[in-house]
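K.L.:
Just lifted these from TrEMBL, have a look:
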DOMAIN    6-88  domain 'PTS EIIB type-1'
ACT_SITE  Cys28  active site, phosphocysteine intermediate
TRANSMEM  115-136  transmembrane segment
DOMAIN    117-475  domain 'PTS EIIC type-1'
TRANSMEM  156-175  transmembrane segment
TRANSMEM  187-206  transmembrane segment
TRANSMEM  226-244  transmembrane segment
TRANSMEM  256-282  transmembrane segment
TRANSMEM  294-319  transmembrane segment
TRANSMEM  340-362  transmembrane segment
TRANSMEM  374-394  transmembrane segment
TRANSMEM  401-424  transmembrane segment
TRANSMEM  444-463  transmembrane segment
Amino acid sequence: MALSNKEIALQVLDAVGGAENVLTNATCMTRLHLTFRDVSKIDIETIKGMDDVLGVVDGDVLQIVFGPGKVTKIGDEVAKLTHLNVTEDPIDLEAIAKENKANIKAKQTHPVQRFFKSFANIFLPLLPGIAGAGLINGITKALNVYTNNAYVNEWWYALLMTIGWALFLYLPIFVGMNAAKEYKGSAILGGIGGALSISNAAMPLLKKVGEGGAILLPLTNEQFNPAAGGILAAVFTGIAFAYLERFIRKFVPDILDMFVTPLLTLIIGGFASLLIIQPFGAFLTNGIFVSADFIFNTMGAFGGFILATVQLPLVSVGLHRAFTPIHTMLNNPDGPTAGVNYLLPILMVAGGGQVGSALALYVRTKNERLKKAILASTPAGILGIGEPLMYGVTLPLMKPFVMACIGSGFGGAVISLLGVGAISQGVSGVLAPLIMNPGHQLQYLIGLAVAYAGGFVFTYFFGYNEDRITEIFGE
């Protein structure tokens with residue numbers, strides 16, 4: 001009999017030293033993220049052995065893979081049992097963290113991984129909105145394409161358009177708030193900083209270049225374009241506001257802190273954002289779009305092959321989080337790509353190569369334990385949740401993992417050749433056609449099928465070693 005979500009949450013808490021050992025409880029699309037007072041109490045092997053657990057990633061934050069939908073329900077149950085709201089830090093977090101510094105440091109991963117994880121944490125709470133709003137944009141776009149704009153004057157269509165565009169229009173505010181919060185500043189101050197990246201013709205500073213009346217910058221004597229810095233400027237402004245706020249607070253008397261600290265943070269931070277951060281954000285944003293244009297239009301299929309090939313290794317060490325803000329930028333309907341993300345479908349098919357690799361192993365091996373692991377993990381892989389296959393099958397065997405990467409590369413090359421684009425995020429695998437640009441669904445499935453076939457063929461002929469399988473999985 002299947003366990004209830006509450007029973008699963010209780011199992012997890014028992015394996016990590018009880019509810020009192022949990023510091024923070026957060027969820028992303030597929031994983032439960034937990035941090036602890038005492039990391040020595042965690043029993044990783046027990047967690048891995050739970051029937052409902054699809055995979056475990058151990059590091060400075062314990063990540064338990066349950067899959068989309070399921071993880072949200074379990075996160076809510078953990079929140080009830082620990083009395084910690086999802087993503088909420090307890091009041092004494094800093095003090096407890098200092099007391100356990102040695103234990104936590106021993107569990108930490110590479111600084112680059114921690115940086116990208118912190119960067120991704122800014123965007124993870126936004127993913128449900130990005131997925132929902134992106135799908136709405138896809139629906140309205142499909143209506144326009146297939147009905148020749150028949151509903152553009154209908155009230156319900158106007159409502160859908162507004163809902164779909166609202167998040168992306170004000171996304172810099174939400175990003176600024178999350179960035180400030182992630183770096184232990186006041187979220188509302190970060191939101192104000194993020195607003196400097198929003199175009200608004202009613203505000204003198206925030207008019208786009210060409211709208212008339214845009215402000216000239218003092219150093220370059222050029223018109224300030226708030227949209228140029230984009231999401232990255234909002235991220236860096238939110239982070240800068242957080243550091244500035246904490247620095248100022250050290251020198252302000254307690255009785256004046258409520259008024260003086262936010263005042264100085266906004267004034268000093270605002271000038272810094274306008275003169276330094278926004279131009280830097282514009283430089284990086286332009287570099288990203290130039291690089292994307294080079295990969296898709298100049299490198300073509302070869303660029304798609306390289307991107308899809310390296311995706312699984314990046315996921316295995318957590319560096320795939322670096323793409324999170326880029327996906328958000330590319331899905332912005334008001335951005336240079338008009339909301340069509342040509343990068344995401346290429347990276348999505350990487351999971352297909354791994355599914356193909358696992359199927360090849362299942363066909364060739366005589367090891368029943370490996371076959372059982374493949375049967376348990378493959379359905380999740382087909383749905384785009386690659387961690388169970390990665391950590392439970394291909395990565396421990398290594399050669400199948402390499403063959404899966406190569407097979408994925410061919411799928412990525414096909415996706416690039418066919419010009420497949422996504423209009424949202426949140427689903428992957430065979431469900432990904434739901435978020436593809438109208439008319440790109442079949443092309444995506446062709447690329448995914450090529451990745452399946454590539455992973456299967458390369459593993460079948462070059463990645464199979466029964467002795468290695470016996471060494472890892474036993475007789």
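Cβ coordinates come from backbone N, Cα and C, glycine included.
Help me picture these features in the structure, burial and contacts included.
P.N.:
A mean pLDDT of 85 is what the model gives for the domain 'PTS EIIB type-1' (6-88).
Sequence-distant neighbours of Cys28 (active site, phosphocysteine intermediate): residues of the same chain at least 6 apart with a C-beta under 8 Å from its C-beta are Val71, Leu124, Leu127.
Within the same chain, residues 30-31, 54-57, 65, 67-68, 312, 315-316, 348, 350-351, 354-355, 357-359, 361-362, 400-401, 404, 427-432 sit at least 6 positions outside the transmembrane segment (374-394) and bring their C-beta atoms closer than 8 Å to a C-beta of that stretch.
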K.L.:
Does the transmembrane segment (444-463) come near the transmembrane segment (340-362), with 3+ Cβ pairs under 8 Å (pairs 6 or more apart)?
P.N.:
yes
K.L.:
Taking the transmembrane segment (340-362) as the reference, which of 156-175, 226-244, 294-319, 401-424 gives the largest number of Cβ pairs under 8 angstroms?
P.N.:
401-424
